[in-house]
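Novice: Here TrEMBL flags 1-33, 162-218 as region 'Disordered'. Feature annotation from TrEMBL assigns compositional bias 'Acidic residues' to 14-29. According to TrEMBL, the domain 'RanBD1' annotation covers 32-167.
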Amino acid sequence: MASTAEPTVLKREEEEEDDSKPSAEDEDTGAQIAPIIKLQEVAVTTGEEDEDVLLDLKSKLYRFDKEGNQWKERGVGTVKLLKHKETGKVRLVMRQNKTLKICANHLVLSTMTVQEHQGNEKSCVWHAADFSDGEVKEETFCIRFASVENCKSFKDKIEEIAESQSKESEDSEEGKAAAKLIEKLNVEEKEAKEEKPEDKAEEKKDDVEKQEKSGDEK
């Protein structure tokens, strides 16, 4: 005796196949339908064209609200570390998914430090002068990643950039000091070689007087 479950299963499979088949309305008739409005392509600039991507990670960002004394969600998206091709400056930029609205935008300076957030290995906190709202604001951020590895990569990269910025700043100061010293030595040397006309005339007069005095003694 055949199982009563088989017809039911077969019927369900047939219904699924029928559902998967395109209806008459969905069939391609080959007719060409012209768009009502023709949109022209517009070149969109992000401001990141002159920068190289050093880091690109998906994350969730929070901002500490001082007035409410609590963390507020800033957005979910992709955080990037971008290095300018000419100036060498590095900035942190994060945009929200879909809307691409900027929720963090600030330079990574030599003084910037990133710390683990209250024992959570997937989250980091830091302080920065942020420009995401169109004006500079001192903000405290917290960022959370999907994995410990991503959080560590973010933290290590920030520390590496900050250290590099600090070293470049020291080298720049040393270079300026050396340049000033060289310039000072060059000026002194030039002044030693170049004598004023009055000094030369005075020296010539002294020589003449010495010669006359020497002739009188003889």
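Each Cβ is built from the backbone N, Cα and C atoms, and glycine gets one as well.
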Novice: Calculate the per-residue pLDDT averaged over the domain 'RanBD1' (32-167) and state the result as an integer.
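Specialist: Mean pLDDT, the domain 'RanBD1' (32-167): 91.
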Novice: So, by DSSP, how many helix, strand and coil residues make up the domain 'RanBD1' (32-167)?
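Specialist: The domain 'RanBD1' (32-167) comes out at 20 helix, 65 strand, 51 coil.
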